[in-house]
Amino acid sequence: ARAMWYIMQSIQSKYSLSERLIRTIAAIRSFPRDNVEDLIGRGADVNCLHGTLKPLHCACMVADADCVELLLQKGAEVNALDGYNRTALHYAAEKDETCVEILLEYGANPNALDGNKDTPLHWAAFKNNAECVRALLANGALVNALDYNNDTPLSWAAMKGNLESVSVAVDFGAE
């Protein structure tokens, strides 16, 4: 339980954001799956909120697909919100197609809105993760979803010069 506590605590520590992220990523990546399973077996809550994040959000932040699947198998809430009203899919969409596909298989809402009315598709397009853009669109994401500024994922991708994401969005009918 101490290692899980460290992972979550490091995110909320007094260190600078970059140092916190480095420590968190190192902790999660060096934490063997068997140990995570053992912690869950001893009663660790897979849906605990520590500060602003839940374990599923953290696993998606570091693109740990094995951990994402394990947490979901053990009852993690796929559409749970963090302190910023983001789902795990928002984080996965920025980073990793495999995590996106796993979350979608477990029923993640591809059109979930965060606190700024951004969808996971907005974030995938912004980060030029064309494979995530494609996976989200193939699983029901709204290609012309509007954020609070009335910007679409296509406009986010275009503003960043993310031509691959622009191309995928246009192929799916983006206007």
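Even glycines carry a Cβ here, placed using N, Cα and C.
What TrEMBL says about a protein is an automatic prediction, not a curated fact.
Copied over from TrEMBL, here are the features:
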REPEAT    51-83  repeat 'ANK'
REPEAT    84-115  repeat 'ANK'
REPEAT    116-148  repeat 'ANK'
REPEAT    149-175  repeat 'ANK'
Secondary structure tally of the repeat 'ANK' (149-175) (DSSP, helix then strand then coil): 17 helix, 0 strand, 10 coil
Model confidence over the repeat 'ANK' (51-83) (mean pLDDT, whole number): 90
Counts by DSSP class (helix H/G/I, strand E/B, coil) across the repeat 'ANK' (51-83): 16 helix, 1 strand, 16 coil
